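Structure first, commentary second.
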Amino acid sequence: MDYRLKLIGYPIQHSLSPWIHNKFLERTYLKGTYTLHEISLDASFDENILTLKKEEVDGFNVTVPYKEEIIPYLDMLDETAKQMGAVNTVVYREGKWIGYNTDGIGYLRSLESKYPTFFQDKSKRILLIGAGGAARGIYYALDRAGFDCIDIANRTKVSAEEIAKLATLSRNTKVVSLKEAEEGIGNYDLIIQTTSVGMKPNVDTSIFSFSQLKENAIASDIVYQPLQTKFLKEAEKNGAAIHYGHTMLLYQAQYAFEIWTNKKVPMDDLDLQLQAILEGR
Ligand code: ATR
């Protein structure tokens with residue numbers, strides 16, 4: 001089988017996904033291509049999708065700003081995509097387009113690859129900063145993984161409250177302001193930054209000020225440009241172990257590739273290779 005895989009979105013010329021998926025094809029010895037299908041702004045989304053259908057792809061990724069807009073064109077959604085209301089991966093299977101969302105599981109896999117023991121103790125306390133699409137996916141995955149405490153801090157509390165509704169019945173998620181989270185930061189074992197604050201070119205900004213952290217706390221930022229965000233630098237200064245954002249990108253892609261091909265790609269040193277690209281080495 002010759003896999004025809006694509007990425008749709010706009011703009012996508014600088015996407016790292018073709019690099020990642022071509023590495024996956026190489027590593028699994030599967031034949032195929034992963035190419036960009038940039039949405040044309042001169043045509044309607046409807047027309048764009050019609051063109052894509054004609055290309056008879058086996059699967060594709062969907063990126064901003066179309067993760068919600070794609071949904072009416074799909075025949076089925078998996079449970080996570082339903083709960084997210086957003087799709088980033090589509091597979092063509094038995095004549096149907098089926099939508100998935102691999103962000104949450106991708107994040108969990110990335111964390112587990114770096115800090116495997118974290119998952120052995122579900123009483124670990126987690127703080128999620130932000131309440132956008134990424135936060136939603138990560139919250140859902142952490143909740144379903146069974147962690148006891150997942151609190152959410154966001155500038156706009158109502159958005160965080162919306163996410164907290166995804167919780168399984170037993171959970172008691174606290175929604176706090178950013179200031180309250182800063183004051184209580186010593187309570188958490190894992191602090192995850194999911195907003196775009198600190199992303200290039202605004203590298204000197206951080207959504208959060210750190211003070212005394214809990215012993216062995218981990219700070220995680222899903223921003224990967226730059227890799228060393230101000231958030232991570234400050235957390236590290238305060239004694240945190242850190243977790244870089246580019247690994248989520250890799251592992252959500254690993255899960256997408258698995259959906260298309262049924263092959264789980266061994267990651268080995270791919271995170272270091274991607275790190276080198278991001279650091280321009
Ligand atoms: P995505 O879907 O990629 O996660 P998003 O939906 O735009 O992105 O989410 C943006 C998140 O970043 C939100 O939590 C947003 O906070 P609000 O809900 O209060 O808007 C947060 N965010 C973005 N810019 C921010 C800023 N300058 N200060 C604080 N929070 C910010």
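Placed from the backbone N, Cα and C atoms, the Cβ positions cover glycine too.
The shikimate site recorded in TrEMBL includes SER15, LEU16, SER17, ASN88, ASP103, TYR224, GLN252, and the single candidate from THR51, THR63, THR194, THR195 that the record places there is THR63. Sequence-distant contacts of GLN252 (shikimate binding site), defined as residues of its own chain at least six apart whose C-beta falls under 8 angstroms from its C-beta, comprise ASN88, THR102, ASP103, ILE105, GLY106, TYR107.
When Cβ atoms from all protein chains are considered, those within 10 Å of GLY245 (NADP(+) binding site) total 24, not counting its own. Taking the centroid of the Cβ atoms of SER15, LEU16, SER17, THR63, ASN88, ASP103, TYR224, GLN252 as the shikimate site, the other same-chain residues with Cβ within 8 Å of it are ASN61, LEU249, ALA253.
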